[in-house]
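According to TrEMBL, the domain 'ABC transmembrane type-1' annotation covers 334-617, 992-1271. Residues or ranges marked as domain 'ABC transporter' in TrEMBL: 649-871, 1309-1543. Taken from TrEMBL, the feature region 'Disordered' applies to 927-953. TrEMBL lists 39-58, 78-96, 111-128, 135-154, 186-208, 373-395, 449-468, 474-492, 560-579, 591-611, 1115-1145, 1215-1237 (among others) with the feature transmembrane segment.
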Amino acid sequence: MADDTSSPMDRFCGSTFWNATETWYTNDPDFTPCFEQTALVWTPCAFYWAFVIFDFYYLKASLDRNIPWNKLNVSKALVNLGLLVITALDLIMALVKKGGDSELPLYDLDVWGPIIKFATFLLLFIFIPLNRKYGVQTTGCQFIFWFLLTVLSIPRCRTEVRLDAERQKILNSQQPSEQDFSWEEYQFVSFFIFFTFTSIMLILNCFADGMPRQTKYQRGENEIPELSASFLSRITYQWFDKMALKGYRNPLEEKDLWDLRPQDSCSEVMPIFAHHWNQNVRKNYKNKARVEPKAQFSNGNVTFENPHGEKNGRKKGMASIMPPIYKSFGGVFLFGALMKLFTDTLTFAQPQVLSLIISFVEAQDAEPEWKGILYAVLLFVLAAAQTFILGQYFHRMFIVGLRIRTALINAIYRKALRISNSTKKESTVGEIVNLMAVDAQRFMELTTYLNMIWSAPLQIGLALYFLWQQLGPSVLAGLAVMIILIPVNGVIASRIKTYQIRQMKYKDERVKLMNEVLSGIKVLKLYAWEPSFEKQVLDIRDKEIATLRSTAYLNAGTSFLWSCAPFLVSLVTFATYVLTSEANQLSVEKVLVSIALFDLMKLPLTILPMLSVDIAETQVSVNRINKFLNSEELDPNSVLHDSSKPHPMSIENGEFSWGDEITLRNINIEVKKGSLVALVGTVGSGKSSVVQAFLGEMEKLAGVVNTVGKLAYVPQQAWIQNATVRDNILFGQTYDRKRYNKVIDACALRADIDILSAGDLTEIGEKGINLSGGQKQRISLARAVYSDADLYLLDDPLSAVDAHVGKHIFEEVIGPKGILARKSRVLVTHGVTFLPQVDSIYVIKMGEISESGTFDQLVKNKGAFADFIIQHLQEGNEEEEELNQIKRQISSTADVPELLGTVEKAIKLARTESLSDSISVTSADSLMGGGGSLRRRTKRQDSHDSVASAASLKKKQEVEGKLIETEKSQTGGVEFAVYKHYIKSVGIFLSVATLVLNFVFQAFQIGSNLWLTQWANDQNVANDTGLRDMYLGVYGAFGFGQVLSKYLSGLALAIGGLHCSMNVFNKLLNTGLKWPMELFDTTPLGRILSRYSKDVDTVDSVLPAITVQLLNTCFGVLATIVVISLSTPIFLAVIVPIAFLYYFAQRFYVATSRQLMRLESVSRSPIYSHFSETVTGASTIRAYNVGDRFIEESDAKVDKNQVCKYPSVIANRWLAIRLEMVGNLIILFASLFAVLGGQTNPGLVGLSVSYALQVTQTLNWLVRMSSDIETNIVSVERIKEYGETKQEAPWELEQDKNKPKNWPQEGRVEFQNFQVRYREGLDLVLRGVSFNIQGGEKVGIVGRTGAGKSSLTLALFRIIEAAGGRISIDGVDIASMGLHMLRSRLTIIPQDPVLFSGSLRINLDPFEIKTDDEIWKALELSHLKSFVKSLAAGLNHEIAEGGENLSVGQRQLVCLARALLRKTKVLVLDEATAAVDLETDDLIQKTIRTEFKECTVLTIAHRLNTILDSDKVIVLDKGQIIEFASPTELLDNPKSAFYSMAKDANLV
């Protein structure tokens, strides 16, 4: 070796560092020993020293401690020790054997080499006990270090073995050699020991350490395997295999899911966020008085500071959620960004390697084969590295997104418990819930793409830079095309958006109308009005289809633009390139590398415009959340708790407001210990506000409010949670059976609980939907009583219950002898009856206290109180006995003649109005479970608790219990029949056309690419411009073919999708309206409605979009396989095993992921419903002071949702990594075969490799899309199922046409031994009823609840079909005619007036066949004329949904007007149980007597006095007729049932 070695590295080693001839330009490549001992060893060391900071971070962040010593970490320590010894030995041996007296010179390498290694190994050695102590089970940096070190030591193995062989040769040769090989021998042995040890370390680092002994959170059986998975298992997601396998074998359930990772749970995320939020809030105040320590988790509570601040602190501005989000979650996000940067650079390395491969093939045999293999492997390594890093990047981003969502949801929840009433008024509950459901969710979706803000421009920049190198300035032409396409797309996108908004509007209209139709379906059937409403729905649907059509065309346009964009770009660029100068010639390398780079630019260019829109939307969300979190809160100090005051509750000189003008002034109230104070006054005088003032819900402007002791509060509108009855009463307290039963009896809930299907463990629906008002109110009262507080605020708890229950509750609970007798109570009441028994009364008038004192004092005063009593009695709401009681009380007190007179009048009124039916009458449809609420009730007549009804209800409940069939949740795959049905709905021709056109498109695309390579390979083009133009022209033609076929296929699909939407919906609507009534009774309305809304929407917009993408990806993958096989046919052999791998991954994923998505969406809605419940009940929650418990519940629900969400995120990563590796294998084999297969055409080779490079993403999409199709095609399945249900009898029959126009002419109605039941398998409701009514007779039908009165009318209209016997009208059997024929010739005034939204005119005459005069006449007769005349729009007056904007009486009169318009020979009058005031009732009766003189009238009566003048009376009992005669006849016979009813009603 010469001494004048050139480079410093050569001097350092004492030998050559880099020798290109030896390493690169040779058929047998090798590195120099110097390079192997320096660069290849120091690279891993440098890597580790650079990234060791991460290892320290993991120590700090770990939540666990103390891993026990075990085989693994002991072996690691020993092997590491071995490495330290061997390295130290190297140094000592070098110092001993070399330098000094020895003839071998000592080089720097001999000293520094071992020192660097020793330092690195020492650092690693120190981490072994550290990781053990801090509970870190695996670390990535160390794994990568050992991996690199082992791989990079392999070249040296080869060198050492070769040198050893040479030494042996010399020693074995005959010449005795003077050489001393001892140093080389030593190095040989030492290196192989070192190599063995590093390999062992690598293997040991593939496993994770044992379980830590101390953990911050309990780690149960069900912990997520990720926590103790090794680094290798984490980057390949191998720990998820178990779940994938389980999900593949049978559908996953909630119990199969793992626990949440502690660091993602609310209890870890919240304190961090709260800490930064509070800092941020404090920054916004000028006065920096308070300094708070880091947010601690004090007994599970996170304190959030109020950004609205104290009244004094001057505010600088709004506190925003963004800085706390950056500070809390920015670290992980930045780490992710770093990864993204890394993968972006790797992406652009691929086209460079591609060009190397092409030039390798072009050179043909000039280059040694190992280079080709190296390039192929390099391409694979790049792709694989990218796969793993991207996998981790997305994983990180999702975690950040989930944590941000958790933080926001919980911050919003905690705030919602404290917002003041003026804030609450600004927005509806729905809007507040949307902050959580929409805005917080949007953040989560954005985080994944947020890095594209810098990454997209970077990618575009890099692509341009490399393209410039290939093609020079002509790149700008291509870029220009791309940039022009962006605004074009933007315009189309904004058009699509306006159409979407329009479509949403129509969809909402349609769903609203459907909702009304389905709610009022019974009335529609009785009137035979379905066709009219079907037409209305279809009209809206037509408009919707029109917007859908425009959207579909535009969508076809965008997809067309984007798929042709790459082609147009390359066409323009290449054309510019060749035409600008003669010298510019296309080479294969240029063409393919440019195409690859243009492809890389496509994604960022598409994403940027979308991202900008997303960011703008998220900005809006941020502002909305900020506004909410900065809004005003209740002042916690408005109510004092000063125990030195004499009375437990008092207000002194109070002035209060609800945020605007003053509501209460000069309020002075004292509640003595253990006394009962009543607040009375007219409606709206401010009684409830006084109660709110005690609770601190109002804004206190002046005065002092003081309460001492535990509060309980019963609001006027009972607030019921979606939980069991028992949970609602216990309200978080422990269950004490004795006390509980006492409370239940006192609150008169025993009878109700017995009725409920599962007793007090029956679940109550949202907002208490399956309870009556009275029941809710009593449960709310029971909650208060059970809480055993000291102070009770009862805000009119007796208004919703009927009189005798109210009396019972007053005596047992509230009054002087009740359970609460020793407590201090404030009672707001409207009832006059109980006032004599309270300790003191405050009369409130116009927000001031007008007088106070005991009952006797106030009656003597003849002031506001006496007026109040008079006014109250005139309303006539009291029962007779109670009025007598008041009368006695008043007359004993003093002589107040006008008061006494009023009382007498009220007593008379109460007598006349007694009911015929001792029980509130259950209308037929409530028996069938329709109509939602169990009974229609009035104040007078809520005898929910009367024992008689309890028995009849009990029986009914058993039917009710299993009334609603449970919805089948689809599990497993979808049958082929459904796909067939879908293709049929789209249309066979269009389906085939789409497939063929897509195929043609791919053919053109491959053709154009092959043509390009052909052009580039052609040597003659250089000298012949004509030839060049021919190539260019044909290339353009190919492009035109692509453009056309793409557009047509997009169009075919769009039209097919529309076709399908129309077919599916029309069929659904048509069959849906022809369901028999019983199906509507057994299927919940919401479920039917979701077919018309969600499922139809899926078919309209989701399925077509997915189908487009599925077809594109599918054909894309096919094209790739074709191209690769063209260039290297042997590739087909590899395709089979790869396809297998792919198929398995796909099957496993689809099964698991589908179920995880379902679980996730099921667990998401409780978060929002619990939140909306909390917002509604905030004042109750505050009054009982259980806010913390609710916060905990909310946190638990969020955590539970994360438990379902996290695995589905992982499932995506798991799949992506596996599929991308399959794709990477395709790249590897495609390039290997291309290099080794002796393929001579470089164009084909390059093409096949560049296609392979794109396949990874395509494969990924393919699985996503196919699983999406499976998830969404279920909608088609559901609709199909609904379209095939059983139908009622046909609406019209041929023979109906022969009937005279005015049939029935006489109106004879005859029942012959008629039997009927509501549904298969139920008892008969009418058991053989026979009677005969002559034309023109007026017949009354009476009987107790459940006797079968309503069933008679339903049978007459064939709403329920006969089970035996027959009914004939004018001698014609009604079963022999079409339903519409029958129903349109009978008239009914139904029990509950149902109105539909639309004009008044449509409500009277939906088919628009009557003239205006006829309608006005009918209105005049039904006493509505003056009312309608007074309306601005007259007959076109818009009626709100359900007729909300008319009073109940007016609605009843509208129904009368309908009957008058129809006026047929037979009229059925189903009397309204309630709701009609006596006046309206008289009007209706009068009109019917005059107008329907000639007709047969059947009246189902609930008040006997209305039918006393009828011709005949039918008395029904248990489905049989017991009496049928004229009323006078029956009244003369004291033994008749009719007589006893009349007696009950005080009529005889």
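Including glycine, each Cβ sits where the backbone N, Cα and C put it.
Outside the transmembrane segment (560-579) by six or more residues, the chain places 471-472, 474-475, 477-478, 480-482, 485, 488-489, 492, 585-586, 591, 594-595, 598-599, 602, 606, 1001, 1005, 1008, 1012, 1028, 1032, 1035-1036, 1039, 1042-1043, 1046-1047, 1050, 1112 with a CB less than 8 A from a CB of the stretch. Between the domain 'ABC transporter' (1309-1543) and the domain 'ABC transporter' (649-871), the number of CB pairs under 8 angstroms, six or more residues apart, is fewer than three, so the stretches are not in contact. Non-local neighbours of the transmembrane segment (78-96) in the same chain are 106, 110-111, 113-115, 117-118, 121-122, 124-125, 128, 183, 186, 190, 193-194, 197-198, 200-201, 204; each lies 6+ residues outside the stretch with a CB under 8 Å from one of its CB atoms. For the transmembrane segment (591-611), the most Cβ-contacting stretch among 373-395, 449-468, 474-492 is 449-468 (pairs under 8 Å). If one looks beyond the transmembrane segment (373-395) by at least 6 residues along the same chain, the residues whose Cβ comes under 8 Å of a Cβ in the stretch are 235-237, 336, 339-340, 342-343, 346-347, 349-350, 353-354, 356-357, 360, 448, 1209-1210, 1212-1213, 1216-1217, 1220-1221, 1223-1225, 1227-1228, 1231-1232, 1234-1236, 1249, 1253, 1256. Listed as Cβ neighbours of the transmembrane segment (186-208) (distance under 8 Å, sequence separation of 6 or more from its ends, same chain) are residues 72, 75-76, 79-80, 82-83, 86-87, 89-90, 93, 97, 137-138, 142-143, 146-147, 149-150, 153, 156-157, 160, 163-164, 228-233.
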